[in-house]
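Q: A single structure is presented below for examination.
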Amino acid sequence: MKQTTINHSVELVGIGLHKGVPVKLVLEPLGENQGIVFYRSDLGVNLPLKPENIVDTKMATVLGKDNARISTIEHLLSAVHAYGIDNLKISVDNEEIPIMDGSALTYCMLLDEAGIKELDAPKKVMEIKQAVEIRESDKFVKIEPDSQLSLNFTIDFNHPVIAKQAHHFVFSKTAYKEQVAKARTFGFLQEVNYLRSIGLAKGGSLNNCIVLDENSILNKEGLRCEKEFVCHKILDAMGDLMVLGMPVMGKYTSFSGSHKLNSMLVKAILADAKNYEVLIAADPAKEFALQKAFA
């Protein structure tokens, strides 16, 4: 398989979730071995996608370097991961990626519009060689060897609508677009009110978030699918795993995982070379599996 980028530049304008201000997003092609590079066009600062540049994971995954930050990168990166894009410039003129409808669906449509272009360099894939696990109280994230990417996620909320949900997702681009991309972020009305009181979630609304009160969903249209809550967590995890800089072959398992735990997992994987192998020229069986996944 070859490395990829996009065929041509595409752009959109949306609202940032926390600041609530318009943000212009531009995706541009990059050459081979350039990786994923974010760019603050208002500041003239490049922010390469690297684990050491992740500076905050409380409310979202935040990239930072010097005086520049870009927040809520995970939904766009999830789509980039699913489309198998290796090299891409992502420019924004403010400190957030636009939230759009709270899912990755808009970004999938944007990438479809841009098209995928092969480059004259072999694709790099990270194969997990031994289990790596991060725990925090009863919460955990874990990745272990597998011949494909699969994500097993369980959430458990003390809420009558969500309760306990689990989903086993075997990655393919097609399955991602059908099961995961449309799943929206969600939050609780009490938390939203608090966040707004401290100057956050100014761009949040029923148009870009599933909002729940104590007993029900406030969005009149309801859910897009039965497991939308846990599928959004899978969406987030795929975005956070993209911080590794390349597609991953491994079995990811999580119970009540978070951006924080995912970021810790990424750094733990890279901390020991025995945990992984970067496949430059995959053997025929593995290459066929990858081609099938990203078709």
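Each Cβ is built from the backbone N, Cα and C atoms, and glycine gets one as well.
The annotation active site, proton donor is assigned in Swiss-Prot to His259. Sequence annotations record features per position, and here Swiss-Prot assigns Zn(2+) binding site to His75, His232, Asp236.
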Q: Within 8 Å of the Cβ centre of His75, His232, Asp236, which other residues of the chain have their Cβ, at the recorded Zn(2+) site?
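A: So the extra residues in range turn out to be Glu74, Ser78, Ser103, Ala104, Ala183, Thr185, Lys233, Ile234, Leu235, Gly239.
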Q: Give the three-state DSSP assignment (helix, strand or coil) for His259 (active site, proton donor).
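A: Its secondary structure by DSSP: helix.
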Q: In sequence order, what residues of the same chain, 6+ apart, have a Cβ less than 8 Å from the Cβ of Asp236 (Zn(2+) binding site)?
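A: Long-range Cβ contacts: Glu74, His75, Ser78, His259, Asn262.
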Q: Have a look around His232 (Zn(2+) binding site) and count the other CB atoms within 10 A of its CB, chains all included.
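A: That number is 25.
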Q: Among all chains shown, work out which of the recorded positions His75, His259 has the most CB atoms within 10 A of its CB.
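A: Ranked by Cβ atoms within 10 Å, first place goes to His75.
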